[in-house]
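Enquirer: Pasting a structure here, questions to come.
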């Protein structure tokens, strides 16, 4: 072996390490410049690892044209069947162009192992195409692995009936004798939390404890919230007390649990303890406090926390924060204040915000603001029959049958049908 060849090999190895360092540390433009230099100046062929790193940086730096060029050179070098190059190509096309481009490439890859299948499944779930992800899983011609199930389970959470289907895939995962890991458990806790599956939450908690996953702070925070949604304050406190490092997520989860349980006093006390522990509250922590105030009708306290959120911590109030404040003010009959809050919103009020005001107006017989809220609500949700029914009931409760009848006719002309089981007889055909 000549000294020049040995020198070239040594230099190539050194530059590959440098390329890897750039790509893994997020210095993607530097990585791509180095790749172009290596590709143009070396007589020695670059290996699959170099191409996969270049594609990773193309995806991160959003460089689809260069990514296409690297793709062409990958094909020329016969690297398309390499799983690392294949996954990197899928990632690049999925992020820079579209999932359909990624699928087209996936169909062209000659040898697809589980890693490549999982990459395509993950692309579908990341862009919300869970149906396609499940169909692709069912079409797998290789043995699935933990990542296959994790991608599906994680993608299903938050979709319609997704929690139940996520649990079904968890059961399949167990049948395949795969061990759930932290990713699996985090998704499952979210799924169980959404449907109040208390027994399964305990099962997951027990499994995590036996397999030494339970100490992970993110999982513990998820368990606190999940137990809270099931109304099990005993388990909530048990998990929280076992946490050594309580970050803002953990504290927020505990506040949320108390709020859901209707214990506003404990929720506010927990918020104060969090501040004493020198943990800076975030927007979620304040939202949970406002929810606790709303459930308990603590309007003055809600106003204080709403102002502190912006004044003391410089946090921007979202639509959800405004909705909570409107809700608590409306609940205690402070309609004018609630309406002023809505008018001061920097963004367009949501149906939830107007609905909170309208519902409270009905309870208190406040017609003038009810009409304003209903008019705005019908603009936001013109096809929701519940909005017509609620305003109609308000009219009828104060003896304004003519307005109720006009509303019924407007509803009929608009093609909006009343929900089955509505108690408002005027709206029945």
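The backbone N, Cα and C atoms fix where each Cβ goes, and this holds for glycine too.
Here Swiss-Prot flags 11-45 as repeat 'PPR 1'. Annotation source Swiss-Prot lists repeat 'PPR 2' at 47-81. Marked as repeat 'PPR 3' by Swiss-Prot: 82-112. As annotated by Swiss-Prot, repeat 'PPR 4' applies to 113-147. Positions annotated as repeat 'PPR 5' by Swiss-Prot: 148-180. For 181-215, the entry in Swiss-Prot reads repeat 'PPR 6'. As annotated by Swiss-Prot, repeat 'PPR 7' applies to 216-246. Per Swiss-Prot, the feature repeat 'PPR 8' maps to 247-281. Residues or ranges marked as repeat 'PPR 9' by Swiss-Prot: 282-312. Summarising the annotation, Swiss-Prot assigns repeat 'PPR 10' to 318-348. Taken from Swiss-Prot, the feature region 'Type E motif' covers 353-428.
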Enquirer: Using a Cβ cut-off of under 8 Å, list the residues of the same chain at least 6 residues beyond the repeat 'PPR 4' (113-147) that approach it.
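Expert: Same-chain residues near the repeat 'PPR 4' (113-147) but 6 or more away: 83-84, 86-87, 90-91, 94, 99, 102-103, 106, 154-156, 159, 162, 173, 176, 178-181, 184.
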Enquirer: Run through the repeat 'PPR 3' (82-112) and tell me, per DSSP, how many residues are helix, strand and coil.
Expert: 24 helix, 0 strand, 7 coil
Enquirer: For the repeat 'PPR 10' (318-348), which partner among 47-81, 181-215, 216-246, 282-312 gives the most CB pairs under 8 Å?
Expert: 282-312
Enquirer: With DSSP as the reference, give the number of residues of the region 'Type E motif' (353-428) in helix, strand and coil.
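Expert: For the region 'Type E motif' (353-428), the helix, strand and coil counts are 55 helix, 0 strand, 21 coil.
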Enquirer: Please give the sequence-distant neighbours of the repeat 'PPR 6' (181-215): residues at least 6 beyond its ends with Cβ less than 8 Å from one of its Cβ atoms.
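Expert: Sequence-remote neighbours of the repeat 'PPR 6' (181-215) are 146, 149-150, 153-154, 156-158, 162-164, 166-167, 170, 173, 222-223, 225-227, 229-230, 232, 235, 239.
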Enquirer: Can you count helix, strand and coil residues in the repeat 'PPR 1' (11-45) using DSSP?
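Expert: Once the DSSP states are binned, the repeat 'PPR 1' (11-45) shows 28 helix, 0 strand, 7 coil.
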